[in-house]
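**Q** Encoded as structure tokens, here's the structure I'll be asking about.
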Amino acid sequence: MKQILYKLFEHQYLGRDEARTILQNIAQGKYNDVQVASLITVFLMRNISVEELCGFRDALLEMRVPVDLSEFAPIDIVGTGGDGKNTFNISTAACFTVAGAGIPVVKHGNYGATSVSGASNVMEQHGVKFTSDVDQMRRSMEQCNIAYLHAPLFNPALKAVAPIRKGLAVRTFFNMLGPLVNPVLPTYQLLGVYNLPLLRLYTYTYQESKTKFAVVHSLDGYDEISLTNEFKVATCGNEKIYTPEGLGFARYQDTDLDGGQTPEDAAKIFDNIMNNTATEAQKNVVVINAAFAIQVVRPEKTIEECIALAKESLESGRALATLKKFIELNNK
């Protein structure tokens with residue numbers, strides 16, 4: 001590791017194979033916590049390259065516990081995290097909204113590393129038992145239209161670095177990797193990122209894959225569509241900037257999206273959204289993220305039509321019914 005760190009300190013970049021080997025060594029416990037933290041710190045000081053990101057991703061996918069749910073052609077909706085905003089669980093709520101609209105979802109999530117509550121915290125608050133049983137996940141897809149994959153069960157490297165990430169409490173390149181290594185390798189993905197260089201990096205990375213995707217970024221730094229500012233959406237062949245007002249929404253304040261101080265606070269906000277009793281800001285932010293996810297799967301629909309489908313899922317109670325059925329099936 002010493003030679004690797006010296007190389008990085010001299011502002012050199014890792015090759016794809018080199019990055020792959022480093023991640024494999026981390027997963028196998030060949031480096032101590034201080035060495036891993038030093039490596040992580042380098043990538044806090046500069047942007048990661050496409051080659052480095054692809055190499056890290058190669059290692060994680062090679063070591064993953066594979067899950068074949070390809071018959072469902074599902075979508076994952078995920079943010080990188082690490083934007084420092086402590087929002088409520090927007091992408092998780094959007095997942096159940098999309099599933100309620102009839103589109104299969106495989107949510108790949110983890111505990112919060114830089115926020116109060118990650119997707120796995122919300123699931124635990126609802127009594128969900130995490131599993132790597134593929135048959136159980138297939139039943140969940142068949143009966144609920146959604147399955148949840150707790151990342152550490154499927155990737156030893158993510159589990160190995162979890163205490164270090166929690167101790168640092170800042171975004172790391174593992175925030176960037178999490179969305180790229182859903183063990184299902186979903187057919188579709190909506191990914192939120194916290195800055196424009198990362199939006200371009202993910203767009204280049206996804207263009208090398210078979211995944212149909214959209215990468216979103218709010219220009220004031222959110223790793224999802226926040227409706228607090230203009231936002232950019234990048235797909236395989238297009239980039240476009242939208243305004244909240246142009247899509248019929250108000251422009252909200254940062255405080256409108258606050259996730260609370262505890263996992264219990266975050267779970268309460270999540271429940272309010274599912275019960276259609278949330279604030280206008282909370283509801284509409286979930287709707288707009290769900291809408292762009294729906295459009296990834298159904299590109300023939302206009303974004304206005306997708307917004308209507310997302311609203312209907314929440315307002316009709318179908319998103320809530322999906323959540324209740326999911327909890328019932330997955331808390332045993």
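Placement of Cβ uses the backbone N, Cα and C atoms for every residue, glycine included.
What Swiss-Prot shows for this protein is this:
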- Gly79, Asn110: anthranilate 1 binding site (BINDING)
- Gly79, 82-83, Thr87, 89-92, 107-115, Ala119: 5-phospho-alpha-D-ribose 1-diphosphate binding site (BINDING)
- Ser91, Glu224: Mg(2+) 1 binding site (BINDING)
- Arg165: anthranilate 2 binding site (BINDING)
- Asp223, Glu224: Mg(2+) 2 binding site (BINDING)
**Q** What is the Cβ neighbour count of Glu224 (Mg(2+) 1 binding site) at a 10 Å cut-off, with all protein chains included?
**A** 31
**Q** Given the binding-site residues Gly79, Ser91, Asn110, Tyr111, which lie close to Glu224 (Mg(2+) 1 binding site), meaning Cα to Cα within 10 A?
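**A** If one measures from the Cα of Glu224 (Mg(2+) 1 binding site), the binding-site residues that come within 10 Å are Gly79, Ser91.
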**Q** 10 Å Cβ neighbour count around His108 (5-phospho-alpha-D-ribose 1-diphosphate binding site)?
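**A** Looking across every protein chain shown, the total is 25.
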**Q** Should any of the binding-site residues Gly79, His108, Asn110, Tyr111, Arg165 have a Cα within 10 Å of the Cα of Asp223 (Mg(2+) 2 binding site), which are they?
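**A** Checking Cα-Cα distances against Asp223 (Mg(2+) 2 binding site), the binding-site residues within 10 Å turn out to be Gly79.
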**Q** Are there any residues in the same chain, six or more apart in sequence, whose C-beta is under 8 angstroms from the C-beta of Gly79 (anthranilate 1 binding site), and if so which?
**A** Ile90, Ser91, Pro179, Leu191, Gly192, Val193, Tyr194, Asp223, Glu224
**Q** I'm trying to understand the geometry here, so how far is the Cα atom of His108 (5-phospho-alpha-D-ribose 1-diphosphate binding site) from the Cα atom of the residue listed as 'anthranilate 2 binding site', in Å to the nearest whole number?
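**A** Between the Cα atoms of His108 (5-phospho-alpha-D-ribose 1-diphosphate binding site) and the residue listed as 'anthranilate 2 binding site', the distance comes to 18 Å.
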**Q** Compile a sequence-ordered list of residues in the same chain as Thr87 (5-phospho-alpha-D-ribose 1-diphosphate binding site), six or more apart from it, whose Cβ lies below 8 A from its Cβ; state 'none' when nothing qualifies.
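**A** Looking at Cβ-Cβ distances below 8 Å from Thr87 (5-phospho-alpha-D-ribose 1-diphosphate binding site), excluding near sequence neighbours, one finds Ser115, Tyr222, Glu224, Ser226, Leu257, Asp258, Gly259.
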